[in-house]
Every structure is written in structure tokens, then in C-alpha cells.
């Protein structure tokens, strides 16, 4: 029996009344753009797209050539279809409405065009993360303020990981599903329906080099993980860290674990490292739809009301019981501080 294609999956979701035709079209076009990005990534040095672009983004980060190329591919692909009202990207200062010469649709698309791009020159898996919101009714030209919706308002979220195989992981609010790109026919085929994150885990993903900058609750939590079976947790934990959020979260969706990027004192003015709208919200939705959890260490990520397009937050996501345990350390520390 042949595997269903992404196209068939989306049509069946539409026929079941779970999505409308415009959302189906949007996801289809995003998936096509991801195929183009996959081709560019896979060429590596042969494509002349490695290295720095010589520019910086709104975050103050140096852009890679592939950051810029991936951003342009997504903007171009989504400009003319009539399903989109505006786009916002981690690589752009402000949101961008569809050009005047094209029809405007009902949806807002946010994306990190190439997450983990700092690793691209060393051939580590990278990916594209995206989130879809509805444009507020009556909005003719959406601006940044119209994107400031909590993650609970997302109608779809996903990522495409460019690794040994190219995979699209998608949620439309009814489970999380994985599609693998069959390169010969150029189609994404369903390879894992209803992904489930195990509730318990013995793996954690964190950048330990920042340990000296963590707050006490974080120090205590990770200290107990490292103490293993001789400590308060009573079991050994393994650490995994790829430094590419897409790759780390994909592993957690596949076999469980907890991904942590906490607030730290190294840059105390920033509330976190990862972006709420482009990374935390879509990844949080994907993980929750797979039975996991996503918090800031103190509150559910999807409940946060954004105040800025490029807002940052701490991120704890993955296996439900372990995320709850990490959150407990922070809540109890706050109570003890009065």
C-alpha cells in the first residue's frame, strides 16, 4: 500500500472540514518553498551559498548567505497566491504585506527561514520553522501589531528539517505528522502519523557552557539531572546538544527528551534567547499536539500574549512529565523568594 502524499493528506483534511482551501494552498506552497531550500542546502559548497552574507538581521546577528536565500525563497513563493495577507520573518525588521499587484488572503505567515544556520558550514542538520495565524477580520494591510497573537491562535505550525533526509513535520491542530521527501518523484509522503512524545525521559538537551550564568532554580534542576541515580532524581540522564533547534526538537519528537534554552545572566536584559513568534510558538504547538508540553519554566508558552514581533522567551519543551518537573523547580524557587 502506497504512502499518502502531503497533497492527499491536506485534501482529506479539507474534505473533513478541518481546514479551508486557502490554508491547504498555503501549506502546499510553503512545502514547495522548503523543497527549493532543501536543494540549496544539499549543494553545500558546490552551490556557492556557504559563508556569511556580510549583513546582519534585526537581532544583531550576522546573516549567512543561506539565511538570505531561504528568506527570499519563502517570500517569493507566498507573494502571489491570494491566500496570504502578510509575512513576518526572523530575518526582517518588520512584517511585509503581500505586494499590491497580488490578491490578499486571510492568513499571516511567520517563519525562521533557516534555523541553526550558524552550523551550516559544518554540515549539521538545519531547518525552516513556520507558524500560521489568521489575519484579524477587516484588516486590509496587516502591520506588526496584527501578528501579536498568542500561540493558542495558531491554525498551523511546522518545520522542515534538512538532514540525511528532508522531512516536513506539521500540525493543523489535530495531531503532529511527519512527511519525508521522496526525491525522485518530488513529493512529501506521510511516514509517521500522530507522533507521540513519551511522557517520561532520561535525556536532556541544553548548552552546558552557559551553566555559570543560570539562575539558582536552573542550577538546582540541572545539578539533580547530572547527579543521576545517586541524586534526588534517582536515575541517570544523558545529555544531547546539537545547537540546531530543529534537529534537537526533531529528536525529542521522535524519542522523547527535554529541550531547554533558559534565561541567563550573560545577557540579562533579554528575557531569553529564542524568539516567541518564530521558534517557541510553532515548536510549542507541534510538541503539545504530540502529547508533550512547552513552558518558559514558569508559564505555558502558547498562553503568552506577545508585545513585540521579535520578542524572546526562555524555552522548556518536550516530554510532559519532565517539563513539569523543570517548571516545578522554578515555581518553587519563586515562592521561596517571596
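Note that Cβ sites are derived from N, Cα and C of the backbone, with glycine treated the same way.
From the candidate list 12, 215, 279, the residue Swiss-Prot records in the Mg(2+) 2 site shared with 112, 115 is 279. With 112, 114 listed by Swiss-Prot as binding Mg(2+) 1, the candidate from 90, 140 annotated for that site turns out to be 90.
Closest to residue 90 (Mg(2+) 1 binding site) by Cα-Cα distance, out of the binding-site residues 116, 117, 279, is 279. The distance from the Cα of residue 117 (substrate binding site) to the Cα of residue 279 (Mg(2+) 2 binding site) comes to 14 Å. Residue 273 (substrate binding site): 20 other CB atoms within 10 A of its CB, across all protein chains. Comparing Cα positions, residue 273 (substrate binding site) lies closest to 279 out of the binding-site residues 112, 114, 115, 279. Summary: among the binding-site residues (112, 279), the fewest other C-beta atoms within 10 A of the C-beta are counted at 279.
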